[in-house]
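Record features (TrEMBL):
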type: DOMAIN; residues: 2-175; note: domain 'ArnT-like N-terminal'
type: DOMAIN; residues: 194-342; note: domain 'Protein O-mannosyl-transferase C-terminal four TM'
type: TRANSMEM; residues: 7-24; note: transmembrane segment
type: TRANSMEM; residues: 44-64; note: transmembrane segment
type: TRANSMEM; residues: 92-109; note: transmembrane segment
type: TRANSMEM; residues: 139-156; note: transmembrane segment
type: TRANSMEM; residues: 168-185; note: transmembrane segment
type: TRANSMEM; residues: 259-280; note: transmembrane segment
type: TRANSMEM; residues: 292-310; note: transmembrane segment
type: TRANSMEM; residues: 316-334; note: transmembrane segment
Amino acid sequence: YAHPPLANYLYAFAIWVYSLLPWINIESYQNIGLSSMEPISYRWINALLGSLLCLIIYGICFLLTRNRVFAILASILVATDGSLIVDSRIALANSFLLTFGFSGLYFLLRFYTDKGGWNSLITSGVFMAMAVSVKWSGLGFLLAAVCFVLLTINNQQTGHKKLTPRHSIYYGLIILITYIAIFLPDTYLNPNYGFFEKHQQILGYHQTMVTENEHPYCSKWYTWPAMVRPIGYFFESTPINNGNVASYFKAIHLLPNPFIYWFSSLSIILMMIQLAINPLIKSIHNQKELMLKRFICLGYVANFLPWAFVERCLFLYHYQTASVFSFLALAWYLSKLLNSNKPQYRS
């Protein structure tokens, strides 16, 4: 086991739904291997959830600020980043992780901003557990949520609900119960290993099987914002049979949008500097703006800095969660320019 089983369930579900289409022979589809299946049979669910991420980001941004320009810009940045586009078009679990994790944050924000009741807290817990059940790196979303609630909502007179021990206990139980429940079908289908044995295998895989510099596309965590090492997912060379010595090539690369990555990196740095000096110069007067900036910066740090302590081989796609928070920073500054009353700041 390299990861928890939720992504496998989703791909199995996608293939089953595809097999129900009237032009698909169900019997033959059940008897062929994955390599012989139509790629769309299991890739469509990545495209669906990857597309939903844009709507979720819009919802988070609008919920925090009631600023439609900011929310639309953030959604556009997510929709046009090459890294997110590629992973939402092939059978990798990264799009599941992002969609479930940001859904968990969205419903948690709904609960604390009085837009939703206990149903929102329960839904948030379920989505958080689903994110962790895709990959353990989904814990970054939970860390971001805890830091944001403790350092922002609980320390401001904003009229939001406060974190109570009852909230914490229920929320933790929801996540734990959902996470364990997700393993039950896998335990039933593969009884050779127990719940704890599977977790030992997952931990052992990341400690021993993907050591540092194990793969040619390994990259250092601090190089990700600069896109130093993109990833080649697929490459194929096919000869052209026209009497000439020539070939055509097909390739799939995980390559983020350079302008979005570079400018969003500058934006998140600027936002962190503003938050750091805010107690000295009181530059942020709007409580919603302060809350938003803390949400973005805490989310970015919680999903980026922990990778500094991971010794296994890391890849550029591990930055995707943190990168989305940096996109929000860029979208915020762009929206401020577009809404500025000063003509020189308008395009």
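Note: Cβ is positioned from N, Cα and C throughout, glycine not excepted.
Heads up, TrEMBL stuff is auto-annotated, nobody curated it.
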Would you mind listing the long-range same-chain contacts of the transmembrane segment (7-24), meaning Cβ under 8 Å and 6+ residues beyond its ends?
30, 37-38, 40-45, 91, 93, 96, 134-135, 182, 185-186
Give residue numbers and ranges for long-range contacts of the transmembrane segment (316-334): same chain, 6 or more residues beyond its ends, CB-CB under 8 A.
57, 61, 70, 73-74, 76-78, 81, 83-84, 87, 92, 94, 97-98, 101-102, 137, 140-141, 217, 219, 221, 224-225, 227, 229-231, 254, 256, 260-261, 263-265, 267-268, 270-271, 292-293, 296-297, 299-300, 303-304, 307
Within-chain partners of the transmembrane segment (259-280) [C-beta distance under 8 Å, separation at least 6 from its ends]:
77, 80-81, 225-227, 290, 293-294, 296-297, 300, 323, 325-327, 329-330, 332-333
On the DSSP side of things, how many residues of the domain 'Protein O-mannosyl-transferase C-terminal four TM' (194-342) fall into helix, strand and coil, could you say?
91 helix, 19 strand, 39 coil
